[in-house]
Amino acid sequence: MLDLKRIRTDFDTVAAKLKNRGVSEDTLTHLKELDEKRRTLLVQSEELKAERNIASAAIAQAKRQKEDATQQIADMQKVSADIKTIDNQLVAIDQQVADIITVLPNTPHDSVPVGADEEDNVEIRRWGTPRDFDFEVKAHWDLGEDLDILDWERGAKVTGARFLFYKNLGARLERALYNFMLDEHIKEGYQEIITPYMVNHDSMFGTGQYPKFKEDTFELADTNFVLIPTAEVPLTNYYRGEILDGKELPIYFTAMSPSFRSEAGSAGRDTRGLIRLHQFHKVEMVKFAKSEESYQELEKMTANAENILQKLGLPYRVISLCTGDMGFSAAKTYDLEVWIPAQNTYREISSCSNTEDFQARRAQIRYRDEADGKVKLLHTLNGSGLAVGRTVAAILENYQNEDGSVTIPEVLRPYMGGETVISPK
């Protein structure tokens with residue numbers, strides 16, 4: 001959530017930055033007007049309360065002296081009624097302010113490219129060279145069926161579209177991947193966490209999914225619970241409402257969890273395969289850092305995600321998302337896109353973002369600075385390290401062989417009991 005004081009004191013800068021994120025200046029102008037009206041009413045309310053205190057003292061004095069206080073009582077009742085009217089106005093204005101400010105996206109960092117959509121994203125670097133196949137490549141969904149490791153038909157029967165069963169060496173490959181990813185992140189200083197897979201609405205608000213993106217989630221009927229769309233939500237909210245010791249920062253968390261997404265608005269996109277599912281595993285990274293360290297920590301986090309792809313030998317590229325393509329809470333985002341041979345293109349496999357103090361303000365996560373003793377909002381960062389199903393897809397396609405088998409990447413073999421290849425039955 002943005003700082004209302006910043007909007008008030010640096011309106012033009014904030015308006016220009018949010019314009020690049022699709023927010024009209026009229027919206028901010030209305031917010032500023034509401035804020036000014038609210039501040040005026042607060043002054044009036046305080047003045048009236050002072051009048052009421054004076055009147056109350058005068059009434060008490062008159063009663064002690066057994067004088068008629070009828071007029072003073074009438075005056076005080078009128079002042080009290082005026083205060084109640086103003087308080088009701090303030091409640092209404094506070095709600096209007098909340099309705100606006102809670103759905104305003106974060107302001108982009110100055111280094112973020114300005115653009116409307118993914119066409120305006122900027123490639124930063126590439127790693128690896130896509131393999132030159134001398135046979136016709138298969139899509140990962142066909143490989144999965146031929147190898148009897150992915151069962152789409154029964155997934156659809158048991159649950160519905162965009163669900164599947166992993167089986168045999170497919171299940172072992174999925175498990176090997178997330179164990180490998182977790183081990184790599186632990187080496188980099190991340191604390192492993194097993195989170196709840198349901199969170200409450202306050203947690204969804206804290207990380208920015210609520211109230212704006214409710215349609216993208218699965219809520220449990222007649223409860224305050226939501227199935228997590230990513231482990232970012234419980235990990236970030238771990239410290240919600242707390243004040244941390246500045247000496248402890250930065251703090252690194254990692255977790256593997258299922259992610260549940262309704263994929264609202266994705267009808268017709270990626271209807272086959274592992275790219276877009278309602279339920280998938282993902283290894284998440286979350287950091288809590290001081291403001292002066294957070295962008296260095298973003299570079300480190302991105303490197304941690306890249307490390308996984310490099311050790312798996314999967315070609316990828318790093319993209320800096322433009323203002324029009326970033327997520328709601330992000331101030332800056334790098335996407336990692338892995339090479340998918342059957343589609344002859346790169347597809348997103350990780351997003352690493354610095355939200356600065358946007359989530360921390362919503363969730364009230366603060367720290368006490370050891371230098372000056374002041375309590376300050378910290379910065380939160382999050383990143384995929386990696387989306388496991390999409391990594392399975394990338395391995396199946398990039399490591400496929402002409403005979404229909406798939407070679408298992410060397411780093412995963414110790415996690416799969418020494419297996420070296422997945423062969424057709």
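Placed from the backbone N, Cα and C atoms, the Cβ positions cover glycine too.
Quantities reported herein were computed from a predicted structural model and do not represent experimental measurements.
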**Asked** In Swiss-Prot, the residues T230, A231, E232, S384 are said to bind L-serine. Which of E184, E188, E284, E337 is said to bind at that same site?
**Response** E284
**Environment of T230, A231, E232, E284, S384, the listed L-serine site - residues of the same chain whose CB lies within 8 A of the CB centroid** = V233, L235, A255, S257, S259, K282, V283, M285, V286, N382, G383
**Asked** Counting every protein chain present, what is the number of Cβ atoms, excluding its own, within 10 Å of the Cβ of E232 (L-serine binding site)?
**Response** 31
**Request:** Compute the C-alpha separation of A231 (L-serine binding site) from S262 (ATP binding site), stating it in Å without decimals.
**Result:** 16
**Message:** I want to verify one value. Collapsing DSSP to three states, which class is S351 (ATP binding site)?
**Reply:** strand
**Request:** Compute the C-alpha separation of S384 (L-serine binding site) from E348 (ATP binding site), stating it in Å without decimals.
**Result:** 10
